[in-house]
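Record features (TrEMBL):
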- 230-245: compositional bias 'Polar residues' (COMPBIAS)
- 252-267: compositional bias 'Polar residues' (COMPBIAS)
- 2-150: domain 'PPPDE' (DOMAIN)
- 230-267: region 'Disordered' (REGION)
């Protein structure tokens, strides 16, 4: 059995001291004071002195290793023991080889497939607890917000279709009632409040004024606002993801170098 250790870093490799200091400040407030989370890089150490993580690269595997607590791209923050694995060192090396094939660098996604997701997957295969929720909460929240916006836009489209269809049916029905009552021989009643002719004419005027199915600009405007908001969220997430590609770029290692590291750990 061997301890499985989680190493956590503040993401401070933006190239701007002001941005880096802002990230550290955000992490202190949202994690240390409030307990919600922050912007973190994570890595897993098991058997040996190296830690394993995942990041973006244009070719090859995104899985990489470096000496524990010494990733030069970030500022080291803290560590915690997640448990002890029953897997032998040979089994762990097999798991790391499998993950290096399954996690190419081009598959990196800031919100749905980042270093924290990789560490969760590795911990699951090692049979220990996953990362605490606060480590990756910001990414999970952003992903949920985009999904909610997509669902809202879809529901708005469905509602628009149903409303327009119902309005058309009601309009045609009332036009028919109006035509029928016009050609009838029954004398008018004293009160118009209950007259089919009055009711259909009133509803017909209402539709003509602003609710006629062919004039659904208000619905389209509301739908457009939701879709525009969804697009803005997607654009923001895309911009942030492009910015963080370099932030999560692994220390470039060839497959041969990875294999040498795994063999060294086995000795």
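Quick reminder: no glycine exception, Cβ is built from N, Cα and C everywhere.
The model shown is predicted, which means the values in this text are computed figures rather than measured ones.
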Counting each residue once, how many in the domain 'PPPDE' (2-150) are helix, strand and coil under DSSP? 63 helix, 40 strand, 46 coil
Overall pLDDT of the domain 'PPPDE' (2-150), taken as the mean: 89
